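Read through the structure below, which is laid out as structure tokens, and then see the notes.
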Amino acid sequence: VQVFEKLGSGGHSTVYSAKWNERQVALKIMHDESDRMTLQSEIEIMRAVNHPSIVKIYGACSSPMCLMLQIVHGGSLHEVLHCSTAAEAPLAETQTLRIARDISSAMTYLHELNPKIIHRDLKPQNVLIEQDTLRALLSDFGVSRAVRTSLSPSSLGAGTVNYMAPELFDDGRADEKVDVYSFAMILCETLSGKQPWKGIQPVRIASTILGDSEATSRPPLPPNVSEFTTELIRACWHRDSERRPAFREILTALDRHISDA
């Protein structure tokens, strides 16, 4: 493997651009030996899936622990929103809905597999944006889980607190609808340019989102957003997970809305 520049770094891994078997790849190197099980799980899931809006895996090795992945020039949605020259750079609603369409297409595919795959860590850092086409691709399946039934929050409760569904903080059952909630948080952040609950302690985030009033338990939506998008976000972050739409319904609604626009 010929390693070039560093593309990014997270809590568990660092990603470099590299060349492997005459192919340009993103080389994801894990930081800690304790992440071996996480890496193995990610390899198994990524080898089992094939979708145009999911990053492809080309290979893996055990020493050092690393993955060779499809490289996406353009960076993550988080970088697009928060690492530009502007302090806050929300995207236009039309562009946001096209990204939402790509995410919901990939998530429909994952949730309709048997067993279904729950991503569990949907957030702008794990949505990559192609520079030329602005197509969105999902990445980072390190905490994803293939499941046949609903699980206890302790079984499903991985992820990033700012994007986690309220049922993951209480004693109820949790299922694939946790991804739908995270999707709503991504849309809100993309339209507002503001990270949800930034600077707030995890314990306070949990107590806030478990509240009954949407006005105080969810981030504010930008005032210039269309009725369609406002209703979509509100449905997706509903306190009652059973009242959130499935990604198949979201995808159908987005396709219809985009084609009519």
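Glycine is treated like the rest: Cβ placed from N, Cα and C.
Per TrEMBL, domain 'Protein kinase' is recorded for 1-258.
The annotation ATP binding site is assigned in TrEMBL to LYS28. DSSP classifies LYS28 (ATP binding site) as strand under the three-state reduction. Taking Cβ-Cβ distances under 8 Å and a sequence separation of 6 or more, the neighbours of LYS28 (ATP binding site) in its chain are SER13, THR14, VAL15, CYS66, LEU67, MET68, LEU69.
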